[in-house]
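Trainee: Handing you this structure, nothing more for now.
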Amino acid sequence: MKTPVRVAVTGAAGQIGYALLFRIASGEMLGKDQPVILQLLELPIDKAQAALKGVIMELEDCAFPLLAGVIGTDDAEVAFKDVDIALLVGARPRGPGMERKDLLLENAKIFTAQGAALNKVASRDVKVLVVGNPANTNAYIAMKSAPDLNPRNFTAMLRLDHNRALSQLAAKAEVAVGDIEGLIVWGNHSPTMYPDYRFATANGVNLKDKVGDADWNANTFIPQVGKRGAAIIEARGLSSAASAANAAIDHIRDWVLGSNGKWVTMGVPSDGSYGIPEGVIFGFAVTTQNGEYTLVKDLEVDDFSQKAIDKTLAELEEERSGVAHLLG
Ligand code: NAD
Ligand code: LMR
């Protein structure tokens, strides 16, 4: 039997948490032979703690053979103690009349504290995925608040955008979604993101050539992928949860177990590639192997793509300067 992996999930009693925990405990994220210990964080308010207690009761009632333990807490240092993986899902949602800037500042406080707690008590190799919005900037704040941890281990979730783009492209190009390789979503998890299928293929056929419709790319594909989150909120009255949890599982599974040569999109701190300033958490194409990711480098950037990348970078830079004063 393998040693259990400790997985922290924040916001564990929320909608994404409910769609996520049972799949982690059943082995879908780390493998069917990998025991896990779940360390769950919720707000220190009665309603949230009661809901968390209920979720833990349900986890127990599943009798998952791979679930080697569950901890529920309102203390980040308990939740993150020795964790190998941290899924930071809990975040302050946008309230009525709240500006984007206010949301940024409210979440900056949460992610400063959680970054510091990870820095203090997590495994030195902890892999961190930030799901809570604004995901890229929250990941940046957590990374900056954890100076003793490797910055490369702080990532933001763009996998949902990647998966959304795969589905839209598969339908348009009339290919199977699983056959598509070489897709990228550049930038911020926000409507400025740039889903890019210039290099995408299915069974060796280039999909840009196959689709051959620049108008569809600019006026349907890119805005539809970028605004998909809002469309789900409009339709459901709630933000995406099952698909977000699924993307989080895809992100961590590929990071830990490898993407078998496939490009996947991860929000990772830039190493300066493509002119993205070092440290900005940006969606890039990566491949993953042996628990490490490698940026796909030296791709051609044409004028259209450069403009799109500049736009999403400008938004991230604006977010970064909005929280700079909190980071010292
Ligand atoms: P939710 O409101 O259902 O659940 C969030 C939970 O987090 C709540 O139970 C709340 O009590 C808890 N929480 C809030 N602040 C916390 C803190 N400081 N510590 C611990 N727990 C805390 O929301 P949800 O639908 O599960 O979504 C969670 C986040 O994920 C939101 O920010 C949402 O916008 C974001 N999201 C991101 C993506 C993405 O692709 N990156 C996709 C969908 C949703
Ligand atoms: C999503 O992409 O579904 C979410 O990030 C949307 C949101 O604003 O919560």
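Quick reminder: no glycine exception, Cβ is built from N, Cα and C everywhere.
A quick note: this is a predicted structure, and the numbers were derived from the prediction, not measured.
The following feature annotations were taken from TrEMBL:
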| type | residues | note |
| --- | --- | --- |
| ACT_SITE | His189 | active site, proton acceptor |
| BINDING | Gly11, Ala12, Ala13, Gly14, Gln15, Ile16, Gly17, Asn107, Gln114, Val131, Gly132, Asn133 | NAD(+) binding site |
| BINDING | Arg94, Arg100, Asn133, Arg164 | substrate binding site |
| DOMAIN | 5-154 | domain 'Lactate/malate dehydrogenase N-terminal' |
| DOMAIN | 159-320 | domain 'Lactate/malate dehydrogenase C-terminal' |
Trainee: Counting other CB atoms within 10 A of each CB, which of the binding-site residues Gln15, Gln114, Asn133 comes out lowest?
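Mentor: If we count Cβ atoms within 10 Å for the binding-site residues Gln15, Gln114, Asn133, the smallest count is at Gln15.
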Trainee: Cβ-Cβ under 8 Å from Arg100 (substrate binding site), same chain, 6 or more residues apart: which ones?
Mentor: Arg94, Pro134
Trainee: May I ask which of the recorded positions Gly11, Gln15, Arg94, His189 have a CB within less than 6 Å of any atom of ligand 1, listed in sequence order?
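Mentor: The ones that qualify, in sequence order, are Gly11, Gln15, His189.
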Trainee: Hey, what's the widest CA-to-CA gap across Arg94, Arg100, Asn133, Arg164, the substrate contacts in the record, in Å?
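Mentor: Result: 24 Å between the two most distant Cα atoms.
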Trainee: Which residues does Arg164 (substrate binding site) neighbour through Cβ under 8 Å, counting only same-chain ones at least six apart?
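Mentor: Listed in sequence order, they are Pro195, Val225, Arg228, Ser243.
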Trainee: Which numbers of helix, strand and coil residues does DSSP report for the domain 'Lactate/malate dehydrogenase N-terminal' (5-154)?
Mentor: 67 helix, 28 strand, 55 coil
Trainee: With every protein chain in view, how many other Cβ atoms are within 10 Å of the Cβ of Gly132 (NAD(+) binding site)?
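Mentor: Within a 10 Å radius of the Cβ of Gly132 (NAD(+) binding site) lie 25 other Cβ atoms.
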Trainee: Give the maximum pairwise CA distance in Å, whole number, for the residues Gly11, Ala12, Ala13, Gly14, Gln15, Ile16, Gly17, Asn107, Gln114, Val131, Gly132, Asn133 listed as binding NAD(+).
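Mentor: Result: 20 Å between the two most distant Cα atoms.
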Trainee: Scan Gly11, Gln15, Arg94, Asn133 for binding-site residues whose C-beta lands under 6 Å from an atom of ligand 2 and note them, or write none.
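Mentor: List returned for ligand 2: Asn133.
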Trainee: For Gly11 (NAD(+) binding site), which residues of its chain lie six or more apart in sequence with Cβ-Cβ distance below 8 Å?
Mentor: Gly17, Leu41, Glu42, Leu88, Val89, Gly90, Ala91, Gly132
